[in-house]
Amino acid sequence: MTNNKNTLTGYYKESDEDLWLWDDIPELDMEVGYKVEALLHYERSPFQEISIVDTQGFGRMLVLDGTPQVTTKDGFIYNEMITHIAMTTHREPKRVGMIGGGDCGPSREALKYESVEQIDVVEIDQQVIEVCRRWMTKDSGDEREACIRMIYRDGYKWIQEQKNNLDVLLIDRSDPYGPATSLYKQQFYQYVYDSLTEDGIVVFQSGSPFYNTSILKNTVRSLSKLFPIVHPYVCSIPTFPGGIWSFVVASKKWDPLQADLTRLPCKDTKYIDPETFLASFVLPKYIKNILK
Ligand code: SAM
C-alpha cells in the first residue's frame, strides 16, 4: 500500500474491521458500498485522488475521487461499448482520438481494427496512466500498441488544435466536476465537431440515464444542434450504481443503425456482437421520455 489508511478521505470507511468504499450518489441521496479486500494504492495527484483497490466481487478497481471507474471483472463491457459502435460504423477508421485515458481499455479495443494507423490518447493526469499500468493492466505485447500515442494534456485544449483530422473520437470523460468540467461545456461540442473528418464519428460517455438524466439530455441536445445523426444507447454495467449506463454516438455521415456488422471483431470481444450492438439502441420508455 502506498499510503497509510489514516490519510484516506471520507469515502473509505472502516466497519467491524472491514474497509468499505462508499460511492456517494447525491442525486438519489444515497451511497453504494463496495467491500474492499485490499487497498493497494492511494495518492493525491495535482488533479484528483487516485486509488486502486481489490474489491469483493468486482476484482481490482480504479477509483478517482471516490468514484469507481473501471474494474478487472466488468471493465470489458464499458471498454467495448464506448469503442465498437463508432469503430464498426465508420468504414475505415485510420486516425482515432480519445479524451480520458484511465486504464486505456478503449485504445486496446480500437486496435482490433486493421485500418487504424494512429490512436491519440489524451489524458490530463499522467499519474492515472502510471498507476493503471502498474496495477490494472499488463502490457499485452501487441506490437500494434506502437500506434498508441499518449498525450498528457487537457483534452479541452488539445481538441481545439484538431481540425478535420479525426475519423473516430471517443470522449471517456469523468463526471462533470474537477478536471472534466470543461468537457461538458457547450463550446466543447463545437470543437469536437470541427475536429472530425467529413465522415467522422464521436461517442460520449453520458452517465446514468436513471439518476444523471441532465447529462444525457444535455449531451443529446448539444450534439443534435451540430450532427445530422445522433443516437443515445445503453448497456448494463454491474459495478456502476443503478447498473444501466448511457452513451451518445454522433455521426456526420454513417448511421450506426445501418452499420456493416460483419466489421465487428467478434472473435475478440466478450460483450458486443451484432445482436447486442443493435439492441443497445433500444431504449426503455422512461429514457425515451427523458429525451422527448
Ligand atoms: N473508462 C476509463 C477506464 O477504463 O479506466 C476511466 C476513464 S475516466 C472515466 C476519465 C479519465 O479522464 C480520467 O483518467 C481523468 O483523469 C481524465 N480526464 C478528466 N478530465 C480530463 C480532461 N479535461 N482532459 C483529459 N483527460 C481528462
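If you go along the chain as it appears here, the first residue is 1 and each next one adds 1.
Placed from the backbone N, Cα and C atoms, the Cβ positions cover glycine too.
Bear in mind that the values here come from a model prediction, so they are computed numbers and not experimental data.
Among PRO26, PRO93, PRO179, the residue that TrEMBL places alongside GLN48, GLU123, ASP154, GLY155 at the S-methyl-5'-thioadenosine binding site is PRO179. Under 8 Å, Cβ to Cβ, and six or more positions away along its own chain, GLU123 (S-methyl-5'-thioadenosine binding site) finds GLY100, GLY101, GLY102, ILE129, MET150, ILE151, TYR152. Around the Cβ of GLY155 (S-methyl-5'-thioadenosine binding site), the number of neighbouring Cβ atoms within 10 Å comes to 28. Nearest Cα neighbour of ASP103 (spermidine binding site) among the listed recorded positions (GLN48, ASP154, GLY155, ASP172, PRO179): ASP172. Maximum C-alpha to C-alpha distance over the listed S-methyl-5'-thioadenosine-binding residues GLN48, GLU123, ASP154, GLY155, PRO179 is 16 Å.
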